[in-house]
Each structure stands twice: as C-alpha cells, then as structure tokens.
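Input: a single structure, listed below in structure tokens.
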Amino acid sequence: MEGKKKWEDEAVELLSEQLRIENFAFYFYQSAYQYCNNREIALPSIANFFYKQYNEELTHAKGIIDYMNQVGLRPNFKPLSLDRTDYKSLVEVFELSLEYEEESYKHILKLYRAADKNHDYALCQFMDEYVAEQVKSIKEFSDYLQNAKRCAKGFEMFNFDAEFKSLTKKY
C-alpha cells in the first residue's frame, strides 16, 4: 500500500505540473491574441488562431482536472505569471509558442514514462491524446515560425495574415 501512496503523490505532482503548463500556455496565448489583435499590429487571422489556441489549452487543463477527479487525485494549483507581454515581433511570439509547446511535450513524456514505470496504464492511455497533439502542435508552430520569418516585415506580413485565414480553417 505504501508504494501505491508514493505513486499517487508523485502522480499528483506530475499532473499538477502539467496542469500549470497548460494554464500557462492558456495565459500566454491570451497575450499573443491581444498582441496580434491590437491596433498597431492588426493581424486578425493570426489573432483568431491564438484565440483558438488559448481555448484549446483551457480544454487541456480541464481534461487534466477531470481525469484527476475521476481517479480521486487533487491537483495542486500553482501560481502563474508571464515574464513579459511586450513582444517585439510576430516571429518572437511564434518562437515563444514553439518553446512552450516543446516544454509541454517534454513534461508529458516525463509524466508518461513515470506512469508506465508504475503500471498506471489508465494514466498512460489518458496521456496518449496529449502526446499525439503535442507532436502535431510542435510541427505546426515550427512551420508557422518559418513562414513568419520569411514574411517578417511590411506587406509580406499582411499577406501572411491573409493566408493564415485559409491555413487555420481546420481549427
């Protein structure tokens, strides 16, 4: 019984950290939405993409809370804060987005490995969707970052925003 309790404590910490990461991403994508949608930047299609991203992160956080409730675990909510929101460019926003998605992926894999090691196959199965989604997100953000770099200034950025509308219809 002691081993089970130890794993439950570890699972709470790992899941709570993933919850913090998802909530941080939600918070960051809100700031990215605001950045793209403000009067000086005015990239409405890209802003809409970040709006959808922050709703997706909120859904991920809710999923973790729901899972923890189902298995009788209580999350430890951790404080959130953004280091800054004064982005210099859309390229920087996509660089940070990619960095945060990669951080999330690394933690998901850590959580998955720990669950597997402790024979918690229900948690592994729950995390399968998160693993697949992170792989997809990292690829998408990497692609968007490369395109943003190509279109970094002026009219090209306007065209990138217009093209983004069609690129993100699948969201």
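Using the three backbone atoms N, Cα and C, a Cβ is placed for every residue, glycine included.
Predicted, not measured: the structure shown is a model, and the values here were computed from it.
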Binding-site annotation, TrEMBL, Fe cation: partner of Glu22, Glu57, His60, Glu101 in Gln125, Gln134: Gln134
Extra residues within 8 Å (Cβ to Cβ centroid of Glu22, Glu57, His60, Glu101, Gln134), Fe cation: Ile21, Ala25, Glu56, Ser104, Tyr130, Glu133, Ser137
For the domain 'Ferritin-like diiron' (5-152), mean pLDDT (0 to 100): 96
Cβ neighbours of Gln134 (Fe cation binding site) where a neighbour is any other Cβ within 10 Å: 21
For Glu57 (Fe cation binding site), nearby residues of its own chain (Cβ under 8 Å, 6 or more apart in sequence): Glu22, Asn23, Ala25, Phe26, Tyr29
Neighbour tally for His60 (Fe cation binding site), based on other Cβ positions within 10 Å of its Cβ: 22
